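Sequence annotations record features per position, and here Swiss-Prot assigns domain 'VOC' to 5-120 based on sequence analysis. Annotated Mg(2+) binding site per Swiss-Prot: HIS8, HIS67, GLU116, in sequence order. Annotation source Swiss-Prot lists active site, proton donor/acceptor at GLU116.
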Amino acid sequence: MEITNVNHICFSVSDLNTSIQFYKDILHGDLLVSGRTTAYLTIGHTWIALNQEKNIPRNEISHSYTHVAFSIDEEDFQQWIQWLKENQVNILKGRPRDIKDKKSIYFTDLDGHKIELHTGTLKDRMEYYKCEKTHMQFYDEF
């Protein structure tokens with residue numbers, strides 16, 4: 001018995017229609033279905049669910065590093081930054097990174113959920129940690 005993959009990512013949103021537009025227009029999501037309070041999109045090969053929940057306090061989101069990260073090609077990195085700026089997306093200050101840890105852009109959606117666009121892979125991250133984070137214990141080879 002095993003878990004085979006991430007099934008979907010669900011975001012609680014305050015306004016379904018504006019969130020659909022954000023995920024379609026900004027992240028190039030493909031809208032699959034929408035209803036009164038729920039919509040499904042795909043971004044890359046990832047199923048994104050949006051559930052409208054208007055009366056949920058959203059201020060706790062800004063205090064957490066919790067986020068979802070999507071992969072982008074490194075050659076498109078500057079283009080993505082420009083795209084997000086042109087569309088007035090709330091770009092966050094990223095954490096300091098070693099170049100071996102690849103590149104990331106952090107920003108928020110309309111409800112403050114943190115999203116990352118990252119140029120590295122899991123293998124890249126593990127190789128970086130093996131070289132730079134000698135205090136870490138590794139369990140599998142990549």
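Cβ atoms here come from the backbone N, Cα and C positions, even for glycine.
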Cβ neighbour count within 10 Å of HIS67 (Mg(2+) binding site): 15
For the domain 'VOC' (5-120), residues assigned helix / strand / coil by DSSP: 31 helix, 39 strand, 46 coil
Chain-internal residues, separated by at least six, CB under 8 A from GLU116 (Mg(2+) binding site): HIS67, VAL68, ALA69, PHE70, SER104, ILE105, TYR106
For HIS8 (Mg(2+) binding site): intrachain residues, at least 6 apart, with Cβ closer than 8 Å: TYR40, THR46, TRP47, ILE48, ALA49
